[in-house]
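A.B. asks: Here's a structure for you.
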Amino acid sequence: MLTIANRTFQSRLLLGTGKYPSFEIQKEAVTQSETEILTFAVRRMNIFEESQPNFLEQLDLNKYTLLPNTAGAKTAEEAVRIAKLAKASGLCDMIKVEVIGDQRTLLPDPVETLKASEMLLEEGFIVLPYTSDDVVLAKRLEDLGVHAVMPGASPIGSGKGIINPLNLSFIIEQSKVPVIVDAGIGSPKDVAYAMELGADGVLLNTAVSGAKDPIKMAQAVKYALEAGRLGYEAGRMEEKDYAVASSPTTGMVGS
Amino acid sequence: MNFQLNGKQVELPEVVDSVEKLLTHYHLQSRIAVVEVNKEIVRKEEYETKKLSNGDVVEIIHFVGGG
């Protein structure tokens with residue numbers, strides 16, 4: 001079970017809703033993933049063109065918790081404006097703080113992320129900042145009172161997986177709030193790795209929506225997440241440099 | 001009525017003078033949307049009473065797919 005603020009979730013997977021090949025595939029992928037938290041972006045409605053189907057409007061909103069993001073914001077003030085718009089829908093009070101500081105790498109701006117998180121906490125939001133894998137920054141965010149920290153595994157949409165497991169494990173070790181590995185996850189292997197490191201959850205989007213078969217991949221990441229979590233709870237064996245025989249070294253045949 | 005609506009200049013009939021009427025004009029009454037007038041969010045309870053005037057900057061926002 002994953003607990004964020006006062007909410008508990010059976011699934012530790014947070015799923016993004018961008019860039020699926022079709023609504024039908026997306027719906028089935030979401031169902032198969034068994035996620036309970038879906039992320040969305042906040043944008044102008046395209047009112048001057050023929051009405052496009054909207055995924056959110058087709059969802060059973062009793063089954064899912066919405067986690068809107070502040071993507072598009074470059075400053076804390078812009079992030080707060082987006083967060084308030086999202087909350088005004090009356091559908092959510094959780095916000096993924098995403099303040100991008102560099103357009104090529106889409107890495108978060110640490111200063112503005114910290115500032116936005118502080119402002120949003122004052123406004124009473126449940127705050128989940130997307131942050132770099134900086135250990136001290138994660139601590140500073142936690143000290144502010146954020147409800148989870150979400151360090152990136154590697155750049156958004158890159159699918160490069162976990163490039164700094166040591167930093168992630170430091171963040172996980174020090175953190176008293178849930179740590180959700182967000183961004184850069186490319187495959188089930190990365191999901192299992194994050195969970196084995198002790199992450200409380202994983203947020204991914206393109207790993208599923210960009211797979212050749214998103215529905216099958218949604219199942220794969222669900223199983224990887226469960227396997228990784230079980231492995232973490234079980235406690236892995238000690239790693240050694242040289243071989244240690246698994247079979248008895250006495251009573252060899254022919255000796 | 002002249003508004004700046006979602007970044008575009010639009011000219012609408014004079015009767016479109018409230019948020020409620022604006023949403024009806026674009027057939028958006030049943031959509032999940034949030035309205036901002038001159039950078040202030042309009043609460044749903046205020047849609048009928050919130051009057052619009054010439055030159056208002058209006059944003060109609062919704063949720064789209066994102067990670």
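For all residues, glycine too, the Cβ spot is worked out from N, Cα and C.
Whatever TrEMBL says is automated annotation, not expert-curated.
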A.B. asks: A:Ala183, A:Gly184, A:Asn205, A:Thr206 bind 1-deoxy-D-xylulose 5-phosphate in TrEMBL, but which of A:Gly157, A:Gly231, A:Gly235 does that record place at the same site?
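C.D. replies: Matched candidate out of A:Gly157, A:Gly231, A:Gly235, per TrEMBL for 1-deoxy-D-xylulose 5-phosphate with A:Ala183, A:Gly184, A:Asn205, A:Thr206: A:Gly157.
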A.B. asks: Against chain B, with Cβ pairs under 8 Å, which of the recorded positions A:Lys96, A:Gly184, A:Asn205, A:Thr206 show up? Give them in sequence order, please.
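C.D. replies: Cβ contacts with chain B under 8 Å: A:Asn205, A:Thr206.
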A.B. asks: Show me the subset of A:Gly157, A:Ala183, A:Gly184, A:Asn205 whose Cα is within 10 Å of A:Lys96 (active site, schiff-base intermediate with DXP); these are the binding-site residues I mean.
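C.D. replies: Checking each Cα against A:Lys96 (active site, schiff-base intermediate with DXP), there are no hits.
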A.B. asks: CB neighbours of A:Gly184 (1-deoxy-D-xylulose 5-phosphate binding site) within 10 A?
C.D. replies: 24
A.B. asks: When you measure from the Cβ of A:Ala183 (1-deoxy-D-xylulose 5-phosphate binding site), which residues in the chain that are at least 6 apart have a Cβ under 8 Å away?
C.D. replies: A:Tyr130, A:Met150, A:Gly152, A:Ala153, A:Ser154, A:Pro155, A:Ile156, A:Gly157, A:Leu203
